[in-house]
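Novice: Sharing the record's features from TrEMBL:
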type	residues	note
REGION	1-26	region 'Disordered'
TRANSMEM	41-64	transmembrane segment
DOMAIN	102-319	domain 'ABC transmembrane type-1'
TRANSMEM	106-127	transmembrane segment
TRANSMEM	139-161	transmembrane segment
TRANSMEM	190-211	transmembrane segment
TRANSMEM	241-261	transmembrane segment
TRANSMEM	303-322	transmembrane segment
Amino acid sequence: MTATTTVAEGAPRREQGGGHHGGRPAPDPWRSRLCRWDLRYSPYAFVAPFFLFFTVFGLFPLLYTGWASLHRIELTSPGRTEWVGLHNYARLLGNEFFWNALRNTATIGVLSTVPQLLMALGLAHLLHYRLRAATFWRVALLTPYATSVAAATLVFVLLYGRDYGMVNWALRGVGIGPVDWQSGTWSSQIAVSSIVIWRWTGYNALIYLAAMRAVPDDLYEAAALDGASRARQFRHVTLPALRPTVLFTVVVSTIGATQLFGEPLLFGGAGGQKGGASRQFQTLGLYLYEQGWFNFHLGRACAVAWSMFLILLLIAAVNALLARRLRQDR
């Protein structure tokens, strides 16, 4: 027996199938669960590679160095370890070469940081105004930073040569005798500092330039209406706005000076690990390198490394304190 159904013309036709309203299929519970998992755990998956690399190349070396600094470990017999506690640190504090390296690091840090940041501030101020080929000048400022430490230092070694260097040639032109840049204390430290200045001035200038671009134009327009010259605008508008950025560059440059290694090592030539015949430009990085890879005292070298780490923590604490005071003043 068959049944016929007559559908009125124009009447809505009901789709066959059951279940869900509107003909939509029922949601798959497994797919919904995957979607929830994706929303919940995908951020952790994205940041996991960073923490993995940080653990392998950052946290583990830091912890192992701290452990090794409390032991007597000689690279001639690395399988033998002896617990000595703080003996390596006590020996370090009583070593005149360590204090000499610390003084040299501080001196070179001041000689390189102060002129570098002042020059960077001046260059950024010039680039802040409209110049022809502005992109070219910005790229030119970044070129020294992109140059390798080895190439830059070897060029400066030739420039500071005692007999045929161009620096002494220029000094002789104004009646000053030749300077042995690698033998004197101040001359060698100035020479090493000049390498750092040449490499990092442009980089800091671009940081200052970016901060200057963030200063509202309304402030400059108001200062110009008040009759302020460019010099007064720079002093009363630009510099106050750049205080956090200046603090940041000072801290970063200080950290870089604490870790200075490649420039003095290559500048010193064959005996570069000693920082000159009288250790006149031996930095903490060179002293660590000498203890670990020339004297084979791994435990003492690790104590030097942790001393440098504690110095950096102190610098970071001072930075946080100054930054908090700047925020309160604003």
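Quick reminder: no glycine exception, Cβ is built from N, Cα and C everywhere.
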Novice: Counting Cβ pairs closer than 8 Å, which of 41-64, 139-161, 190-211, 241-261, 303-322 has the most of them with the transmembrane segment (106-127)?
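Specialist: Checked against 41-64, 139-161, 190-211, 241-261, 303-322; highest Cβ contact count belongs to 190-211.
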Novice: What residues elsewhere in the chain lie close to the transmembrane segment (303-322), defined as a C-beta under 8 angstroms and at least 6 residues from its ends?
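Specialist: The answer is 62, 65-66, 69, 88-89, 91-92, 98, 247, 251, 254-255, 258-259, 284-285, 287-288, 291.
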Novice: Counting CB pairs under 8 Å, which listed stretch among 41-64, 139-161, 190-211 touches the transmembrane segment (241-261) the most?
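Specialist: The stretch with the most close Cβ contacts to the transmembrane segment (241-261) is 190-211.
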